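Pulled from Swiss-Prot:
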- G169, D170, R171, Q172, C173, G174, K175, T176: ATP binding site (BINDING)
- S373: site 'Required for activity' (SITE)
Amino acid sequence: MQLNPSEISELIKSRIQGLEASADVRNQGTVISVTDGIVRIHGLSDVMQGEMLEFPGNTFGLALNLERDSVGAVILGEYEHISEGDIVKTTGRILEVPVGPELVGRVLDALGNPIDGKGPVNAKLTDAIEKIAPGVIWRKSVSQPVQTGLKSIDSMVPIGRGQRELIIGDRQCGKTAVAIDTIINQKGKDLICIYVAIGQKASSIMNVVRKLEETGALEYTIVVAASASESAAMQYLAPYAGCTMGEYFRDRGQDALIIYDDLTKQAWAYRQISLLLRRPPGREAYPGDVFYLHSRLLERAARVSEEYVEKFTNGEVKGKSGSLTALPVIETQAGDVTAFVPTNVISITDGQIFLETDLFNAGIRPAINAGVSVSRVGGAAQTKVVKKLSGGIRTDLAQYRELAAFAQFASDLDEATRKQLERGRRVTELLKQPQYQPLQVWELAVSLFSANNGYLDDLDVKDVLPFEKGLREYLKTSHADLIKRIEDTKDLSKDDESALHAALKDFKKSGAY
């Protein structure tokens with residue numbers, strides 16, 4: 001059998017046409033060294049800052065140092081199987097995490113993988129963990145409240161939707177308790193909560209998750225956990241991952257609340273990574289960009305305008321503004337708020353709630369120092385009734401603290417000073433609150449009203465809290481209509497004031513406390 005040349009060329013042509021050749025062009029390099037989860041790679045010429053790199057064994061890393069002849073990367077996860085000479089490939093992608101309503105009620109790691117044993121997340125969307133914060137034009141001023149359910153915070157340092165309010169204090173003085181109570185109090189308030197646990201013991205994180213489950217708060221909460229046993233890279237990334245999950249709701253005209261517990265541990269993790277990458281250390285051995293580490297994270301919490309939401313959703317959501325409220329936690333050493341990281345975060349946030357160990361040990365819990373705690377923008381968001389009634393409380397407390405210091409040395413006090421000290425003692429007692437028992441607006445209003453109008457002045461200090469509890473029960477049974485009016489209008493009319501005065505007098509006469 002003989003083939004002529006034209007047949008051969010036709011056969012070759014048909015074979016070539018049927019061939020699907022695809023080239024996967026990817027830059028690759030070689031591992032030079034691996035130490036403490038930090039890898040040096042030679043030969044990766046075309047790599048982005050923050051790009052994901054692919055290592056053998058389905059392991060990924062993050063390119064952080066781009067130098068002339070090598071790349072410094074941090075490995076996400078286990079790195080024991082990576083050795084010198086391994087091939088590393090670029091992916092052309094920035095690190096992304098899953099986002100969307102499917103994440104609500106789940107416990108995830110810093111990369112968005114479920115760690116609660118409830119099966120896969122099945123999120124339909126992913127988003128980059130590093131994003132630029134909304135510009136000035138797209139923002140709205142804070143005007144709606146986030147009720148924490150804590151008397152001392154809602155009355156003296158109110159928080160608004162879209163605000164960044166720092167919770168700062170020494171270890172073991174109730175910072176996490178304030179944050180968890182705030183989450184529990186959001187039941188039925190159409191606010192998605194995200195709790196980011198950074199560098200905490202796994203047992204502590206488990207206790208928080210269990211408490212959220214018991215109170216039914218996990219139904220509207222996402223937990224992102226990077227425990228103390230996880231690598232520094234995971235602890236560094238967890239807040240950004242949580243923030244991206246919160247931004248999904250903010251950008252679609254919903255409200256979200258994110259708690260970073262705590263950012264001191266994130267700064268430590270970032271310092272560790274930076275020193276291992278041989279970046280020059282600065283004050284307290286932190287790298288030069290530790291301020292930017294927190295500012296770029298906290299600036300992403302904002303209240304965005306209706307126009308921003310409409311533009312982002314391509315006109316699907318109209319007339320709704322979204323918000324992401326941040327409650328970062330910072331741990332101080334021996335009450336030193338002038339250290340590097342605390343001063344940085346104080347300057348970035350819109351106010352701080354300062355918790356003191358001395359107050360905590362004295363049984364004043366939540367241990368809030370009213371003199372140093374401020375909310376720079378929350379006043380505009382406070383509910384009318386609380387705003388009306390809380391002005392006197394702050395002044396009473398501030399004057400009491402000042403006078404109490406002098407009263408230790410003075411034996412004979414005039415009547416006015418003595419009265420002020422007595423009032424201050426009762427107000428201090430009134431602001432105490434057990435954990436996991438947040439209050440509704442009407443309960444807070446009634447407590448403040450009774451303090452402002454002198455109904456506590458003739459009580460023993462030890463009777464203040466039983467009186468408050470009894471009063472709430474009495475109003476629930478005998479004055480349900482008054483409660484409903486306060487709760488619906490979030491205000492106290494002249495008629496309601498008279499009704500409340502009458503109810504308080506009746507309750508005091510009954511002595512049922």
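Including glycine, each Cβ sits where the backbone N, Cα and C put it.
Cβ neighbours of G169 (ATP binding site) (same chain, under 8 Å, six or more residues apart in sequence): K175, E331, T332, G335, F354, L355, E356, T357, A367. The ATP site is set by G169, D170, R171, Q172, C173, G174, K175, T176; from the centre of their CB atoms, other residues of the chain with a CB within 8 Å are E331, L355, T357, F360, A367. Minimal Cβ crowding within 10 Å, among the recorded positions Q172, T176, S373, is found at Q172. Look at the Cβ of each of the binding-site residues R171, K175 and count the other Cβ atoms within 10 Å; the largest number goes with K175. A strand conformation is recorded for G169 (ATP binding site) in the three-state DSSP classification. Separating the Cα atoms of S373 (site 'Required for activity') and C173 (ATP binding site) is a whole-number distance of 15 Å. Around the Cβ of D170 (ATP binding site), the number of neighbouring Cβ atoms within 10 Å comes to 18. The Cβ of G174 (ATP binding site) has L355, F360, R365, P366, A367, Q435 as same-chain neighbours under 8 Å, each 6 or more residues away in sequence.
C173 (ATP binding site) is surrounded by 24 other CB atoms, counting those within 10 A of its CB over all protein chains shown.
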